[in-house]
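**Q** What follows is a single structure, and I will ask about it in a moment.
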């Protein structure tokens with residue numbers, strides 16, 4: 001067994017980055033320890049400054065690239081190059097980005113999910129890979145300048161833009177000659193499907209409150225208009241919507257394909273039923289009703305999002321319920337199909353158990369964090385469901401984030 005050499009915070013060591021890790025880091029080894037390397041790309045040899053130290057592992061940041069990986073490129077994001085926490089994959093060749101992300105997911109599913117045999121991954125790169133973000137949140141410093149937050153810091157990068165964002169969205173908001181805002185507020189800006197830019201000043205919700213406060217509408221109406229297929233949603237700019245301009249259509253198309261040809265068992269003789277959990281404004285409800293001819297019950301915590309869904313989908317057999325998914329499942333009619341899109345923290349054991357007890361034939365589970373998705377996959381297995389399909393969407397190009405959709409079938 002290799003002896004562990006004494007290290008201290010601030011020490012600089014040489015590490016070869018061997019593989020990617022969840023969270024955008026690279027993994028290497030040094031004298032018996034696993035080293036997590038912020039800014040490391042597989043194939044790099046780097047000097048790493050130790051920031052966190054444990055008995056069996058350490059975490060640090062690249063201070064010098066001594067031998068660059070073949071997949072390392074010049075930074076594609078001015079804001080990230082200036083220290084912003086936006087595009088942590090800005091120096092990774094975009095042609096290998098989705099493959100790196102699929103490796104991270106596979107590792108999480110094997111280690112955390114306990115899945116030995118995985119279905120073949122369906123990999124989808126969403127275009128464009130720059131200028132794809134149609135909504136953004138900016139901090140405002142003490143002098144009123146808006147900018148992008150540095151990683152785990154309140155400091156802002158105010159001089160340059162992030163390459164994720166649609167360029168016209170940031171015009172006059174960030175950089176030289178940009179307007180000034182109220183110090184300490186947050187700027188929310190979006191360009192909607194009608195081509196209208198909306199800019200508001202807001203203040204985050206205080207602890208225990210669900211909604212933030214929009215202090216002032218600076219441009220537009222403050223109510224965005226988003227269109228997918230034949231349906232148009234109108235809701236406050238502060239409400240959730242998919243960041244990538246092509247994501248709503250891409251996810252909807254995958255769900256439509258997963259539901260195509262599904263033979264539903266009508267046990268109660270009252271017609272097919274589907275649940276749309278963490279449903280937001282009901283983005284997926286039209287696809288579900290169209291493919292299954294089912295009554296859809298959507299559960300969403302935000303009253304504003306549910307109201308927007310009711311208005312947009314009036315005439316469809318969709319019922320919106322406002323509340324937490326944890327307390328709502330037992331009150332809904334038994335479903336044939338469940339679609340759920342939980343937050344980054346995942347759905348969790350209690351929610352998945354309550355869904356499984358309702359015995360849906362098919363579950364479509366959307367995840368935006370590979371670790372919590374893998375944890376939920378393990379719970380599906382415990383509750384008698386197995387993964388039938390798996391898709392990975394590079395819906396956040398230039399970052400370590402990605403979207404995963406798993407299709408699960410009941411086997412017991």
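Placed from the backbone N, Cα and C atoms, the Cβ positions cover glycine too.
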**Q** Hey, Swiss-Prot has S-adenosyl-L-methionine bound by 242, 278, 341. Any idea which of 212, 219, 300, 307 it lists too?
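**A** For the S-adenosyl-L-methionine site that includes 242, 278, 341, Swiss-Prot also lists 300.
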**Q** In the structure shown, which of the binding-site residues 278, 300, 341 has the fewest other Cβ atoms within 10 Å?
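**A** Counting other Cβ atoms within 10 Å of each of the binding-site residues 278, 300, 341 gives the minimum at 278.
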**Q** Just to be sure I understand, if DSSP states are collapsed into helix, strand and coil, how many residues of the domain 'TRAM' (6-64) fall in each?
**A** 0 helix, 36 strand, 23 coil
**Q** Can you count the other CB atoms that lie within 10 A of the CB of residue 368 (active site, nucleophile)?
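**A** There are 19 of them.
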**Q** Can you list, in sequence order, the residues of the same chain other than 242, 278, 300, 341 whose CB lies within 8 Å of the CB centroid of the S-adenosyl-L-methionine site?
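**A** Other same-chain residues near the S-adenosyl-L-methionine site: 240, 279, 280, 283, 342, 366.
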**Q** In whole Å, could you give the widest CA to CA gap in the S-adenosyl-L-methionine site formed by 242, 278, 300, 341?
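**A** Across 242, 278, 300, 341, the two farthest Cα atoms sit 16 Å apart.
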